[in-house]
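Novice: Here it is: the structure, laid out below.
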Amino acid sequence: MDKKPPLTLYLAAPRGFCAGVDRAIKIVEMALQKWGAPVYVRHEIVHNKFVVDSLRDKGAVFVEELDDVPSDRPVIFSAHGVPKAVPAEARRREMVFVDATCPLVSKVHVEAERHHAEGLQMVMIGHAGHPEVLGTMGQLPEGEVLLVETVEDVARIEPRDPGRLAFITQTTLSVDDTAAIVAALQARFPGIRGPAKEDICYATTNRQASVKAIAGRIDALLVIGAPNSSNSRRLVEVGSAAGCAYSQLVMRADQIDWRAIAGARAVGVTAGASAPEVLVDEVVAAFHARYDLTVEMVETARENVEFKVPRVLREA
């Protein structure tokens with residue numbers, strides 16, 4: 001039998017589920033226990049196929065619009081948040097609904113409303129079309145939120161009154177890219193108001209920091225996550241920017257391109273905030289099967305954040 005080549009696997013920590021994702025999944029599971037199947041979920045509860053498929057197997061039905069939900073069945077709004085019009089329509093139809101919006105996203109919604117109440121126009125740093133961005137922009141009347149994705153976009157926006165602006169950000173952005181966009185906004189609009197610190201959440205920040213911590217030791221980085229997961233895609237970009245010659249997103253172990261990492265002697269592994277640890281275990285097992293493996297954990301922070309589920313699910 002051929003001798004396995006040696007390889008060190010660096011597991012970044014923190015990785016995987018954040019408190020908002022954990023809460024959202026619990027909400028669907030508790031709703032199924034409380035009301036029985038089917039329970040409808042507007043949009044994927046979190047952006048991970050493995051999670052969505054497992055909840056679907058338990059009786060969750062995933063739809064994109066409220067129109068697809070029968071009025072007599074409960075509906076859950078995804079962790080990414082929804083425009084104000086969605087719960088308003090659910091109330092009009094007298095539907096039972098549970099909002100699984102991450103509390104850190106809801107905090108951004110509150111910021112936007114507070115600035116709007118003071119007569120400020122909002123600038124949102126985020127990715128066009130992402131559900132979180134659609135939900136946050138949908139908290140205010142049309143035209144009240146200007147979206148910028150890049151430093152170049154800052155030069156293109158035309159606010160109503162350049163002296164009456166505030167900015168907010170999507171919670172799952174690249175920390176470094178966002179800092180550059182904020183600097184561009186402050187240079188063009190010196191009076192622009194913003195949060196005490198950017199709205200990028202603790203989990204996004206921590207996962208990016210852990211990738212940077214291992215980047216100098218590895219030949220390749222694998223990020224476990226879904227293609228539609230914003231925070232997972234940012235981790236791939238952070239890895240590349242930190243000097244990883246090969247930085248790749250994989251949903252599961254069967255997507256690993258073994259030829260692409262054939263020459264590697266050290267590989268980093270992390271997981272996006274909506275990827276369960278079972279998928280990390282699967283990847284580690286796949287490396288064990290091919291290599292004489294040494295596994296090292298590199299921990300840059302400890303997370304103990306926990307969010308309560310809504311009261312309606314805690315009541316008997």
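Please read every residue number as a count from 1 along the shown chain.
Here the Cβ of each residue, glycine as well, is placed from N, Cα and C on the backbone.
Not my notes, these are from Swiss-Prot:
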type: BINDING; residues: C18, C102, C201; note: [4Fe-4S] cluster binding site
type: BINDING; residues: H47, H80, H130, S229, S230, N231, S274; note: dimethylallyl diphosphate binding site
type: BINDING; residues: H47, H80, H130, T171, S229, S230, N231, S274; note: (2E)-4-hydroxy-3-methylbut-2-enyl diphosphate binding site
type: BINDING; residues: H47, H80, H130, S229, S230, N231, S274; note: isopentenyl diphosphate binding site
type: ACT_SITE; residues: E132; note: active site, proton donor
Novice: If you count, for each of the binding-site residues S230, S274, the other Cβ atoms lying within 10 Å of its Cβ, which residue has the minimum?
Specialist: S230
Novice: Expressed to the nearest Å, what is the distance separating S230 (dimethylallyl diphosphate binding site) and E132 (active site, proton donor) at their Cα atoms?
Specialist: 10
Novice: Using Cα coordinates, what distance in whole Å links H47 (dimethylallyl diphosphate binding site) and E132 (active site, proton donor)?
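Specialist: With distance taken Cα to Cα, E132 (active site, proton donor) is 11 Å from H47 (dimethylallyl diphosphate binding site).
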Novice: Please name the residue among the binding-site residues C18, C102, C201 whose C-beta has the most neighbouring C-beta atoms within 10 angstroms.
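Specialist: When each Cβ's neighbours within 10 Å are tallied, C18 leads.
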Novice: Near C201 ([4Fe-4S] cluster binding site) in space, meaning Cα within 10 angstroms, which of the recorded positions do we find among H80, H130, E132, T171, S229, S274?
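Specialist: Near C201 ([4Fe-4S] cluster binding site), where near means Cα within 10 Å, the recorded positions are T171.
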Novice: Please give the maximum pairwise Cα distance, in Å and rounded to a whole number, for the (2E)-4-hydroxy-3-methylbut-2-enyl diphosphate-binding set H47, H80, H130, T171, S229, S230, N231, S274.
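Specialist: Among the residues the record ties to (2E)-4-hydroxy-3-methylbut-2-enyl diphosphate, max Cα distance equals 15 Å.
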Novice: Quick check: which same-chain residues outside H47, H80, H130, T171, S229, S230, N231, S274 lie with their CB within 8 A of the centre of the (2E)-4-hydroxy-3-methylbut-2-enyl diphosphate site CB atoms?
Specialist: V46, P131, E132, T172, N228, S232, G272, A273
